[in-house]
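K.L.:
Sharing a structure here in structure tokens format.
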Amino acid sequence: MDSSTLSPLTTSTAAPLESYERIRNAADISVIVIYFLVVMAVGLWAMFSTNRGTVGGFFLAGRSMVWWPIGASLFASNIGSGHFVGLAGTGAASGIATGGFEWNALIMVVVLGWVFVPIYIRAGVVTMPEYLQKRFGGKRIQIYLSILSLLLYIFTKISADIFSGAIFIQLTLGLDIYVAIIILLVITGLYTITGGLAAVIYTDTLQTAIMMVGSVILTGFAFHEVGGYEAFTEKYMRAIPSQISYGNTSIPQKCYTPREDAFHIFRDAITGDIPWPGLVFGMSILTLWYWCTDQVIVQRCLSAKNLSHVKAGCILCGYLKVMPMFLIVMMGMVSRILYTDKVACVVPSECERYCGTRVGCTNIAFPTLVVELMPNGLRGLMLSVMMASLMSSLTSIFNSASTLFTMDIYTKIRKKASEKELMIAGRLFMLFLIGISIAWVPIVQSAQSGQLFDYIQSITSYLGPPIAAVFLLAIFWKRVNEPGAFWGLVLGFLIGISRMITEFAYGTGSCMEPSNCPTIICGVHYLYFAIILFVISIITVVVVSLFTKPIPDVHLYRLCWSLRNSKEERIDLDAGEEDIQEAPEEATDTEVPKKKKGFFRRAYDLFCGLDQDKGPKMTKEEEAAMKLKLTDTSEHPLWRTVVNINGVILLAVAVFCYAYFA
């Protein structure tokens, strides 16, 4: 939708114009400007205070992070603007069930910190495809998974965040969507390219604090406005729009009436929009893929100074994940109560008048609440929260995607690439991602209402389960080998992509216009499909592995659970093909005298973290000691006990939340 089609709508109705004008006051603008200045200052501080001149420094923050920035960064990387728009929108449409998606993470972060990360640390890996390459050997799995992960980042995570950020920017600022998003991406890319993972984690920590404070304040205002929690539960069930027919068309009652099970997480296994077996089992598969094998998440854990800090960071993230149900999902429901005709509209012409699309306006639930309910200054703070969540998610994706490209793809193309060349390649790939992000904006913008967001939720069900199956078996069953893992991934991908393409071709439809997609393909709920795909992938991996040659234990020490404490030296599969770039580097260091750099070259190197002249070069013995430290998973007994107790408490909190709202 271009600006020409928007202008008649904004002039014909007072509401959008009033929304734009509400934000244009000194208090709101001052808060937004101060926020962006603080974020840039934090990024610059990280740029000057951390070592970004090495791959480990730029991509893993030098493995020196403590628990609280890790926990905050895990949370901020997960909670993007897509959550504020998508979760609140789904809450407005169907109730609290999507909050169960968030609570599933409480269990999975414990699995991440106690099971998966110790294996990754002992393996001495930087990326997830690198782990599979060490575990199985060969190149095809590593390269396949790297490319698939990059595609998932570009066409799900980036597009979801830009789509939801676009909705918010249009509603609140009235800026041209392309101008606003390009400015955001430039600022985001700037401090990610210059600061590396340390800048991302520190800015994530700042943005998590802003998100929580702003959202808690909004929640207080919202519940006060509706008269408390009891009144909220009563009024939501009566939040029916005033216009429910147009012309000679009568809209079915189910399209505008709140669901009877709106305040239940566990819904009917057949008729429920989110069936309870799918939520319990299907969602667990998707959260296993996301929290335990996704580069964005695991990379933050690998930056911790020791395993206790990993576990404590996971626990902090888990406690924070309790909040989205109350701060986001229920806020969408409150928005439906307060602005029923706008948020819950069903008449196409009315919906187009309010939000520019004909199939529904639930996606504007959270932004509308912010613009209409918050006082000056606090409204600016909440806009900052939305921009913070958009930027933190994008920075996480940019940094992790460039890590995947640099470590798993570029090193295969340029086997003798120097450290400096790898750093430059990673930064250039980030610029490429930013370009794709901007090019993707019109595609995202042309998608009707929240349908693209719905697609994205289901895309993970079609592409994630085979990856989760392979990682799970790789860690817990040492008999799995490379052919089994590869064909499990390939078959799972082919089945998943077939369902995805079919659904894209037919469309998901809407309440009034159901999709024509064949029931045998699209009739299976995407969470049930995830379970089926996961089981098929596991069977394929197991059968092919049993019919092919096993991997000797000498190649598996510290790569799987049963051999995690082994002290023997591991001989990597495909050893001898790696680590071939150091000799040429050393030769050039000794043979070629270094020229004195000019002022502008030194400033450029400092800005991009390419100044590698800090301190003497490590000896072979020092490098070996450093490698040993980076693969160390020992913990202080006291802190191990403290994090273990907190882990049990977190699991108990998860069980209580599910039971109370079941």
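Yeah, the Cβs are placed from backbone N, Cα and C, and that goes for glycine too.
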K.L.:
When the topology given in Swiss-Prot is taken at face value, are I23 and Q170 found on one and the same side of the membrane?
P.N.:
yes
K.L.:
Pick from 203-221, 507-525, 602-620, 621-639: which range does Swiss-Prot record as transmembrane segment?
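P.N.:
It is 203-221 that Swiss-Prot describes as transmembrane segment.
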K.L.:
According to Swiss-Prot, which residue out of N248, N306 bears the annotation N-linked glycosylation site?
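P.N.:
In Swiss-Prot, N248 carries the N-linked glycosylation site label; others show none in the record.
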K.L.:
According to Swiss-Prot, which residue among C351, C355 is joined to C345 by a disulfide bond?
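P.N.:
Swiss-Prot says the disulfide from C345 goes to C351.
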K.L.:
Could you find out if DSSP has C361 (disulfide bond) as helix, strand or coil?
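P.N.:
In three-state terms, C361 (disulfide bond) counts as coil.
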K.L.:
Would you mind giving the whole-number mean pLDDT across the topological domain 'Extracellular' (91-95)?
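P.N.:
When the pLDDT values over the topological domain 'Extracellular' (91-95) are averaged, the result is 89.
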K.L.:
Have a look around Q457 (D-glucose binding site) and count the other CB atoms within 10 A of its CB, chains all included.
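P.N.:
Around the Cβ of Q457 (D-glucose binding site), 19 other Cβ atoms lie within 10 Å.
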K.L.:
What Cα-Cα separation, expressed in whole Å, is found between C255 (disulfide bond) and C361 (disulfide bond)?
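P.N.:
Computed Cα spacing between C255 (disulfide bond) and C361 (disulfide bond) is 13 Å.
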K.L.:
Any chance the transmembrane segment (423-444) and the transmembrane segment (140-169) are in contact, meaning at least three CB pairs closer than 8 A with a sequence separation of 6+?
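P.N.:
They are in contact.
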K.L.:
Between the transmembrane segment (96-117) and the transmembrane segment (310-331), are there at least three Cβ pairs closer than 8 Å, leaving out pairs fewer than 6 positions apart?
P.N.:
yes
